[in-house]
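Q: TrEMBL lists 247-258 with the feature compositional bias 'Polar residues'. TrEMBL lists 29-88, 98-156, 161-223 with the feature domain 'Chitin-binding type-2'. The feature region 'Disordered' is assigned by TrEMBL to 232-258. Look at TrEMBL and you will find 1-18 tagged as signal peptide.
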């Protein structure tokens, strides 16, 4: 909901200065398939035909957003590229870029292949920096944070600062390795590529057991000053196994501001 509100708020604030505008040749060569509705403009993905009482007018989405022909009549029709099918409508308006934003609206990656965890959210030409959750990289094609090995332009090893040992490369097995810098962190090697995970507070990763256990049970980690400790509590579950599941996909706008 925050995502939709940001678009609507910025759109409403700029409507008076022409961010969302009607063509001066509103009825020139235009027609309405039905008396009321919104219809794609031939060849252009960020424009559409608005029909009201049988009168057509050409509308242009804010720069960076595209017209979604499948959007409900009750919802805002201009949306982000991954949500829109532009088949047969490849043209868009010229970009209204500034120093921070390639277009007025959109999510854009920041950094190079070894710095993949940040992205820019542009709203009405204003850029806001966001961080992906620890260990995840921003996917500019899907506009969400994912495991770095699943992001095309991200070097997972350089980004995480860890290379899976030779024994894990080419292996179909999932292997676990404690971080050499922090006992609470460990790496899961999947198809030879690392993914960063963290044990819960008060736990450390044990190479011996391949699991997160109470920090008091990992001799070499007891003296680490950067461990976030909590009093140990008895648990019927015993040791805590490392999570293996893929992180739940979220909208980038849910992440905190940088």
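The count begins at 1 with the first shown residue.
Positions of Cβ are set from backbone N, Cα and C atoms, glycine also.
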Q: Roughly where does the domain 'Chitin-binding type-2' (161-223) sit in mean pLDDT, to the nearest integer?
A: 88
Q: Report the DSSP secondary-structure composition of the domain 'Chitin-binding type-2' (98-156) as helix, strand and coil residue counts.
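A: Final tally across the stretch: 4 helix, 22 strand, 33 coil.
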